[in-house]
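Heads up, the thing below is written out as structure tokens.
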């Protein structure tokens, strides 16, 4: 009996002694890094909440609509101009990028909260523009730190990874809304404070767990990502159900707390999946390795000889690299597609120009449609509650578009060698249909249009980021993917301010003239009727169709590249590792 009890005690102590090393193994593992990235990206969508707290900024600081629109422009500018974060990410470790983003997020939004709550003297308008630009720009540091690192750690599943990560960002607005209603009630000033501290805290907590790791290809890798997908879909459906129910029923503080608890459970289910996968790897490491046989011992000198023979060729490669004078010397001497381009080689390539034009047309039109959705509903006579449902539909279907484009384009690419740019062409054509439904509305057509526009808007970003990584390599991906989305704010400014806004005002002035009134006699220009957005969205549909044709040129240019094994280099590296 004494022997049995001592053996049990030794087994128990053995398990306890293994627990700490296993916990360290989990925290330092690739799958825990993915879970941490999901949480950081779920906190990186504060810009989608501007519509909720912008009314407080307007009323507290006494701004007119023009000034508020100026703030909105600087918010979009900060959110989309991420070149600085990309360049910093090229020369500094991931933890430094995440810490800068955390500090910028807290500083920008905390200053806005202090201004709105009158805890500091009323700031000048340019101060507020600077604060919101800094706060919004912080999400690019989260993108560079978490998203780029995950793509480099899972290069053979990059489409799936991009879809999942950007999907969590798409759900960010709905997640934050549930948290703020549970913690602060219906106080939208406190929403600004929540946006300031929560994303910053997430980046600080996980700052050392997200880092580039040794490339290892697991046979069940894709299956694990599908498990993550199922969890995120369940979360999206739950959020959509809560949005619909909360519009119909008045929730108490306790009911909001219950819904947030369910949201948090869904957010932490990926942690369980990560621990499961790390446990499998831990058990594989513990398996005994067979001792070397005579055959392997005989082969050792041969492998040494081949390595020695290979030394001169490696040294000659190094000599060639050392003879390079400047990165400017190779601008037009581009490598093959899929190899690592320099930043200038990629930016000055025809493929990048085609992507820029397609993005300017596609994302620019989609952003314009999303920004005007409230006024579209108003012009067509929908009640306020219904208009907020349109916005919610865009948010949820934005998520579905992101994960769909990531997973489906990856599956089509691996199984049937379908070029990823072809998926972008199809998404842009779908977007045209959404714009035309607004240009020529029928009863209830705005519901369908908001679903189509939300889905196609969400689908474009993962496709853009994946195509850039495939055509131009991963060496300078931090900078290149941030450069790739520069077309988005430019397209939004041209199509939203210079096209849609001006045409809407023109229609509103026509209505005033019919009533015999002048512009000075009304405070706000409002247009009612289907004609308000008809010409504008017909133009948007035409521009999006042009973007689809431009992306089709990229499909033709890259069809041979996508017929090959674009992940061969990474699978070989993983096998060697």
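From the backbone N, Cα and C atoms, a Cβ is placed for every residue, glycine too.
Feature transmembrane segment, per TrEMBL, maps to range 535-556 of the set 513-534, 535-556. From the options 401-420, 421-440, the stretch TrEMBL describes as transmembrane segment is 421-440. Panel annotation: around the transmembrane segment (446-468), residues 147, 151, 158-159, 162-163, 166-167, 170, 346, 352, 355, 359, 362-363, 366-367, 369-370, 373, 376-377, 380, 382, 389-391, 393-402, 404-406, 409, 420-421, 423-424, 427-428, 430-431, 433-435, 437-438, 477, 480-481, 484-485, 554 of the same chain, lying at least six beyond its termini, place a Cβ under 8 Å from a Cβ of the stretch. The stretch in 162-184, 190-210, 343-367, 421-440, 535-556 that contributes the largest number of Cβ pairs under 8 Å to the transmembrane segment (95-116) is 190-210.
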